[in-house]
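Quick look at what Swiss-Prot lists:
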ACT_SITE  Cys239  active site, nucleophile
BINDING   Arg95, Ile96, Asp119, Arg164, Asn403  NADP(+) binding site
BINDING   Ser238, Cys239, Thr240, Thr269, Arg284, Thr297, Gly298, Arg320  D-glyceraldehyde 3-phosphate binding site
SITE      His266  site 'Activates thiol group during catalysis'
Amino acid sequence: MATHAALASTRIPTNTRFPSKTSHSFPSQCASKRLEVGEFSGLKSTSCISYVHSARDSSFYDVVAAQLTSKANGSTAVKGVTVAKLKVAINGFGRIGRNFLRCWHGRKDSPLEVIVVNDSGGVKNASHLLKYDSMLGTFKAEVKILNNETITVDGKPIKVVSSRDPLKLPWAELGIDIVIEGTGVFVDGPGAGKHIQAGAKKVIITAPAKGADIPTYVIGVNEQDYGHEVADIISNASCTTNCLAPFAKVLDEEFGIVKGTMTTTHSYTGDQRLLDASHRDLRRARAAALNIVPTSTGAAKAVSLVLPQLKGKLNGIALRVPTPNVSVVDLVVNVAKKGISAEDVNAAFRKAAEGPLKGILDVCDVPLVSVDFRCSDVSTTIDSSLTMVMGDDMVKVVAWYDNEWGYSQRVVDLAHLVANKWPGTPKVGSGDPLEDFCETNPADEECKVYE
C-alpha cells in the first residue's frame with residue numbers, strides 16, 4: 001500500500017507552502033477583514049473555512065488535497081461548506097444594533113442570517129438610519145423598504161417589528177435561534193429571559209449583564225470557556241471591558257498585575273442628555289456636547305468576570321467627553337516583576353498581537369488621535385509611544401478602541417462562536433488544514449509535526 005508520503009507527492013504540488021500554526025491565530029470561530037489567511041486557502045479575509053464532521057474518516061492528505069485543488073489548478077477561491085444558517089433577531093436597532101448588522105453583512109460566509117429587527121421607529125426609521133449614518137457614512141449595501149413591515153438589504157428581506165415587551169415578539173413564529181439584545185434594558189436574567197419565553201433559543205446581551213447567573217465572554221480572553229450547554233443567556237461585556245481585558249491579560253501573564261486603576265476617556269453616548277435635563281446620574285444630566293462628564297464604569301471590575309485572577313485588583317472611572325465615537329483607556333498598574341522597561345511591555349504586546357491576540361489587539365507606533373481609530377476592527381490598540389514604566393514596578397498603558405464598530409465586531413464574533421458550538425453544526429475550521437485535521441485525529445502520525 002502506498003505510504004502517506006507517496007500519496008502526498010501525487011496530490012499536493014511541491015511548491016505549495018503550508019502556513020505555520022501561528023500564521024493566523026485569530027480565534028477559530030470567526031474571521032475579521034484584517035485576518036491574514038494562508039496562501040493556499042484562496043479565501044477572502046472575511047471568510048471562515050468549514051470542515052465537516054464526515055471528513056474525520058479521511059486521511060490528512062485527502063483533507064488538504066480537497067482544500068488545495070482549486071487553488072493549485074488556478075481556479076476560483078475555495079468555498080466553505082454550505083450549512084443551514086441560524087436565524088438571528090436584533091432587539092433594539094440603535095447604535096450597536098445597526099453597527100452589528102453592518103458588521104454581520106460584511107462577513108460573507110457568516111453562519112448567521114439576520115431575519116428580523118425590533119425597532120420602535122418602524123420600517124421608515126430602520127431603513128433610513130441603517131442607510132445613512134453620521135459616524136459610518138452611507139451604507140454601501142442597497143437598503144429598501146419592501147412593505148410596511150419589511151426592509152431589504154442587498155435584496156435580503158429583514159422583517160421589522162415594533163414592541164417594547166419581549167414577551168410579545170414573534171420569536172417562536174419566526175424560529176429565532178439567537179437574539180442580539182441591544183436595548184441596554186433587558187440585561188438581567190428575568191429581562192433577557194423574556195426572549196427565551198417568547199421562543200428564542202439563545203440571547204447575547206450587548207452590555208454588562210446584571211446577575212451572577214449570566215456568564216460573560218470577551219473574545220480573545222475567555223471565549224474558550226463557552227459551550228452550548230453552559231447558558232442560554234450570555235453577555236459580551238462592555239466596549240471598555242473588551243478593550244481592557246485583552247491587554248490586561250497580557251500584562252498579568254507577562255509581568256503579574258498586583259493592583260491598578262483605569263480611566264476611560266469615553267465618547268458620549270445616548271444615555272447622556274443633549275441639553276441639561278433630568279437623569280438619575282446628576283452628572284450625566286448635564287449637556288453631553290458641552291462638558292467633560294465624570295461618571296462611573298464597571299469595566300475594570302468586570303475584567304474579573306473573564307480573568308478571575310484579577311478579582312479585587314482593578315477599579316476605575318469614566319470621563320465622558322464631547323466626541324461622538326472612539327474612546328481611550330488609561331491603565332496604571334503595579335506589577336510583580338521588577339526591573340522592566342517600556343520596551344519590555346510593548347514587546348509583550350507586539351508578541352500577543354502577532355500571536356494569540358491577532359485580530360483582537362494591535363500596537364500603534366504612529367502618533368494618532370481619536371478620529372484615526374474610527375471603524376477599527378480590533379478590540380484594543382496599544383499606543384506604544386505612551387507606554388511608561390515608573391520606578392521598578394509601576395506600568396502605564398494607553399489603548400484606543402472604537403466603542404461602537406470594534407465592539408460590534410466582537411458581538412458578531414461571539415454570535416459566530418455560539419453558532420459554531422450549536423449541536424449538529426459543522427465546525428468552522430481554523431484556516432489551517434493540518435490544525436483542523438489533528439484536532440479530530442490527534443493520534444495520526446502526521447500530527448506529530450506539532451510535538
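FYI, residue positions are counted from 1 along the chain as it appears here.
Note that Cβ sites are derived from N, Cα and C of the backbone, with glycine treated the same way.
A map of Swiss-Prot features onto the structure.
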| residue | record | contacts (Cβ under 8 Å, 6+ apart) |
| --- | --- | --- |
| Ile96 | NADP(+) binding site | Gly182, Thr206, Glu404, Tyr407, Ser408, Val411 |
| Asp119 | NADP(+) binding site | Gly92, Phe93, Gly97, Asn125, Ala126, Val160, Val161, Ser162 |
| Arg164 | NADP(+) binding site | Ser120 |
| Ser238 | D-glyceraldehyde 3-phosphate binding site | Ala207, Pro208, Thr297, Gly298, Ala299, Ala302, Tyr407 |
| His266 | site 'Activates thiol group during catalysis' | Thr240, Thr297, Ala318, Leu319, Arg320, Val321, Ser327, Asn403 |
| Thr269 | D-glyceraldehyde 3-phosphate binding site | Arg95, Arg320 |
| Arg284 | D-glyceraldehyde 3-phosphate binding site | Asp271, Gln272, Arg273, Val293, Thr295, Arg320 |
Largest inter-residue Cα distance among Ser238, Cys239, Thr240, Thr269, Arg284, Thr297, Gly298, Arg320 [record-listed D-glyceraldehyde 3-phosphate binders, Å]: 19
Given a separation of at least six residues and a C-beta threshold under 8 Å, show me what packs close to Cys239 (active site, nucleophile) in the same chain. Ser327, Tyr401, Asn403, Glu404, Gly406, Tyr407
DSSP says Asn403 (NADP(+) binding site), in three-state terms, is coil
